[in-house]
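Written out below as structure tokens is the structure these notes cover.
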Amino acid sequence: MITLPENAPQPITDEEVRQALDFATAQVRRNLPDFTYKAQNHSSVGNVYPAVDNTQWTAGFWPGEIWLAYEHSGDKLFQYAAQIQVQSFLHRIENRIETDHHDMGFLYSPSCIAAWKLVGDEDGRRAALLAADQLLERYQPVGQFIQAWGRKDNPGEYRYIIDCLLNLPLLYWAARETGEDRYRQIALIHARTTLAHSIRPDNSTYHTFYMDPQTGGPVRGVTKQGYSDDSFWARGQAWGIAGMALSYRYERIDDYRDTFERLLDFYLKRLPQDLVPVWDLVFSEQDGEPRDSSSASIVACGLLEMADIVEGEDAARYRDLAQRMVKSLAEHYAVKDHAVSNGLVLHGTYSKKTPHNTCRGEGVDECVSWGDYYYMEALTRLSRVWSSYW
């Protein structure tokens, strides 16, 4: 049973969704001169995204926004720009430019699978299948997981992270697209390992989890971007929620839905009144720590994904909760003036450095590219029956 804060936002209306999508589409249009042949940086600097080369793990979210703008407007200009991006992604995977990591789904689902599904772009399909092959190369049979970062023969990098649940749909898609079940089997194995080790008894999640390279057994869960190893990184919890919803769409495994509910319950109990979390759920609204608007966007998409799968009261409550989250984002966090920012949603947090984590401090209280994308995806899901890019 979902219990909301007393002063939680009301659900967003259809007209408010339309207005927010109109502005987001206009903002994407304004950004095309700067980013048709470039990528957006992972996060803004002073609320303005710099243009960078297509090398980061986050590069797929910007073309995803272009495709969403194309769907909303029907304007071929967006299709033209997005297909230019597809060529950049094909070049990247063919030449293995910064691809020796697990984030192939984040890169190739919203950019290239979208291109294939929406306009039949053969290069998009080819790039996405090559990315799926690259993701398979990250699999570690001893331990049964997809390694996140680093050389596979480096015992110091023998770990996976909760974020990888969002890369698994690339493998499910590749299995259906090619008829080769090996993609699906690796996705199922990795999901099983994640559920076995990454979820604590209280239903919070570890950001990263080390496995023993000799025995394949579990070693320990640690954070990289959360406050500490024992804290509750908000975006990690959001990745878990959305990832379970997507895996449940492809594989109706009861444990996926049960885990979705348990992770969601933990997350909701630690939200402030406006339903947008502090960057780590160990903090309360009164602690003065930065918010992470991107986590709310991710969770809203996970809720709407699950609402499309299940029926009855569960579907209604998931959708209602997502509508309230998106209402809060649209009203209090979304950019309203291009002169203020070239992004879509303010007050995201990429990596906040603490004495207890190992990340670089960057992108704190800024727009973040995945937050913008998932906000626009959530609006799109609320505006129509939508065929997922994932």
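Every residue, even glycine, has its Cβ placed from backbone N, Cα and C.
Note that the structure is predicted; figures quoted are calculated from it, not measured.
Of the residues Asp75, Asp100, Asp103, TrEMBL puts just one in the substrate site with Asp163, Gly221, Thr223, Arg235, Trp239, Ser351: Asp103. For the binding-site residues Asp103, Arg235, Trp239, Ser351, the largest tally of other C-beta atoms within 10 A is found at Arg235. Around Asp163 (substrate binding site), a 10 Å sphere centred on its CB holds 23 further CB atoms from the protein chains shown.
Counting every protein chain shown, the Cβ of Gly221 (substrate binding site) has 19 other Cβ atoms within 10 Å.
Arg235 (substrate binding site) falls within a helix when secondary structure is assigned with DSSP.
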